[in-house]
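Let me begin by presenting the structure, written as structure tokens, before commenting on it.
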């Protein structure tokens, strides 16, 4: 894919790849991906980072072109280098998943996924195919990253990789950590935080807060039922709990619930028309090899298929990974309502693991970039929580330099002054 590059370098020269892997153990599922080799000084030795966009059903091309990819799309449909693309510090993969998202497809509806077991098995199969084609990258440190509904995908995917390594199922994947940005991971805790966050930020009044909070106990009970009995109760939980969010949404009107400082424009609250136009161009489609597959930024079909998964708690698999020195970074832009920092901070602090007390009692420290405070960081051992200033739901879009700096320090074990000194005592991070 070499559209709009100066000097006419080919995509291969730049180390840019795009294509499909057909997944074994499916009827006909094909996952579409982009792979950008690192522009950094260590090049091929930089970590391999995979990015998953949420939705469920939203294409990772959203992140590629608007957040942390190598380039942005200009109004004249040319590509402009992104100085803060994560390929500056990593070998970067974007994948359209679950099947049916973005350019990924299957000719067989039985390949539609409804839960994290199906999603994580497909992602594991994708990685095996990727490292079979790129064996020189298999030895590198490997990190899973993403945002929003990827707060569900990522813990399940990380556990699947960990299990695959443990059981010697295929190529060993050198999993070192995962990062979730403004994710939905523990709905019982996070849905309860909606009213608190909205009141704190002046989005609702105290009487509105009291009224909406009456729904919370029913929501909590419904989530509990979903966790024990599954299926239909999970749909019930989705309906009941989203009354909390929709009540707030009605009150805030045209405000963007991904960034409460901004108005909501268009169906996804942002103008994504450049990407949609660019991906319809015949020349682009030919170079990507996607034929006439219809591209939608976010697939309603995939979203509907995952409804029963929505209210499940994905925090449960994380403690085992922490105990095995897998680094976990939860970060959140402070102006996002839908997956707000408050709810994320609460589930991180209430998670049961051997370092819980030490994490909870560890002091917050400023996260500084260019001598300015860019966020507030709390760390202990392999676990870190970072609240990012002046950012909404999409931190790499709102604070690109801070996000790149975060990735670089985290993957090299220097996110926190405290954690790097701690690391020598106990954990190999």
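Using N, Cα and C of the backbone, Cβ positions are placed for all residues, glycine too.
What Swiss-Prot says about this protein:
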- 58-298: disulfide bond (DISULFID)
- 76: N-linked glycosylation site (CARBOHYD)
- 148: active site (ACT_SITE)
- 226-241: disulfide bond (DISULFID)
- 264-269: disulfide bond (DISULFID)
- 336: active site (ACT_SITE)
- 339: substrate binding site (BINDING)
- 393: active site (ACT_SITE)
- 414: N-linked glycosylation site (CARBOHYD)
- 417: N-linked glycosylation site (CARBOHYD)
Please compare the disulfide-bonded residues 58, 226, 298 by how many other CB atoms fall within 10 Å of each one's CB, and tell me which has the fewest. 298
Any idea what the Cα distance is from residue 298 (disulfide bond) over to residue 241 (disulfide bond), rounded to a whole Å? 22
DSSP on residue 241 (disulfide bond), three-state: which is it? helix
Which ones in the same chain are close to residue 336 (active site), with CB under 8 Å and 6+ residues apart in sequence? 182, 257, 258, 259, 260, 391, 392, 393
Fewest other Cβ atoms within 10 Å: which of the recorded positions 76, 148, 414 wins that one? Let me know. 76
What whole-number Å value do you get for the CA-CA distance of residue 241 (disulfide bond) and residue 339 (substrate binding site)? 14
Using DSSP and collapsing to three states, where does residue 339 (substrate binding site) fall: helix, strand or coil? coil
Rank aside, I only need the closest one: which of the recorded positions 58, 226, 414 has its C-alpha nearest to that of residue 269 (disulfide bond)? 58
